[in-house]
């Protein structure tokens, strides 16, 4: 029988991760629309050039870097509520300014009024409630869809995707922290993987919508989702760790008991709150700054390096390129493939595979552990990328290879990334650090990730034309194999372990290495 607390946590976590579903629709909208936007018969007044497309695919990550940089520090320093309200109000103001500039476009005035009133409603409602992490993502995503509804000219789409980068940074920095701080230790991996699961649902929804619906209809759906989910988020509680940080220990105990489905007098609740209070007291007694702790405390610094390596290698595993340029890959394989499906339906196949991978991750991450899953999925990614590289190279030389091979390779890559490589890169940030450090580390890791994304999105097409797509894909394969090797040697298993237990293991490993060096050097 499933415990009441488990149902409560899973219900809350599923709601918490809805912003990633919206962002998945934002990101997934692009893949099936690239060829449409570049077509003279497309919805845009003028076809998008290759330069336009490169900016459309990459600009999201520029704003994610800019607004993500201070987000971790400010969230830890001033609280989730204040920062969410400030970013929400500022983004709505920006959206309204650009909305007024776009009135000349051919969207009916009643639709424009509805959009405007929805966003103004956020301004009226937001200050009256105590929002939790991730809440600010909804109005910002609403602004993204509003600008697209007003215009599909290149400048408007680039601007809209630039604004979408702001909730992107909020989703990937704040939401994993929120999930970790409300989740039981036995569920944090499975619940953390819901982030990627919901984002991939958003991807698939965009793929299907782009194939069956008019572009403007799809955009209205994209606006409706965050609007509805905004009101659901008003019922979400603050995390126990942050309440303790604010000195609200009794409230933290009440929230924790509700999350676990037990009484406030339950022994486990008492022990968990005491552990949080002790961790907060240790941090307050430490005179070093957050970065001082990260850089000078050896186990913490080692965990920091492990996090960055896994995060950056995951970004360069090639999944984003395959996802965004899946239509291009299918076009190249069209002369060889016998599967009679439109490019959009083939992309839907990729979306289904990606979603299946996320479901697998949610089901097995607490059984296999992080390390084994990371090793196997990074190896599978490497094999898939290597196969894609070889197929493009061999067929470019005029040698025939079956057309199903690149499709299968893409499916392997997408499945493996969703089933382990990607969700674990977010889970380990919350596994390896105390709640006092999570915001800062998550923010810095997000900057590195989005910078990596920008580099890939901006220059992948040009680089592929210069040296050949096969060499670019080969680079991704090498990164995946290197990540697997690094995980075997350096990555500690974090499943069902506290931060103190993980750091003790890292310290023992360091001590063991030093002893081996001494024994080898002799007396």
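Cβ from N, Cα, C; glycine included.
The domain 'Major facilitator superfamily (MFS) profile' feature in TrEMBL is assigned to 1-495. Marked as transmembrane segment by TrEMBL: 53-70, 82-100, 155-179, 191-210, 216-236, 303-326, 346-365, 372-393, 399-419, 467-491.
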Under 8 Å between C-beta atoms and at least six residues away from its ends: which parts of the chain pack against the transmembrane segment (467-491)? 306, 309-310, 313-314, 316-318, 321, 370-371, 374-375, 378-379, 381-383, 385-386, 388-390, 392-393, 396, 421, 460
Per Cβ pairs under 8 Å, the stretch of 53-70, 303-326, 346-365 packing most closely against the transmembrane segment (191-210): 346-365
Ranking 303-326, 372-393, 399-419 by Cβ pairs under 8 Å to the transmembrane segment (346-365) puts first 399-419
Take the transmembrane segment (399-419) and find every residue of the same chain, 6 or more past its ends, with a Cβ under 8 Å from one of its Cβ atoms. 196, 200, 314, 317-319, 322-323, 326, 329-330, 332-339, 346, 349-350, 353-358, 360-361, 373, 376-378, 380-381, 383-385, 387-388, 391-392
Per the Cβ under 8 Å criterion, with at least 6 residues separating them from its ends, the transmembrane segment (372-393) contacts 310, 313, 317-319, 322, 329, 332, 361, 364-365, 401, 405-406, 408-413, 415-417, 419-421, 424, 468-471, 473-474, 476-478, 480-481, 483-484, 487-488, 491
Could you give the mean pLDDT over the domain 'Major facilitator superfamily (MFS) profile' (1-495), rounded to a whole number? 75
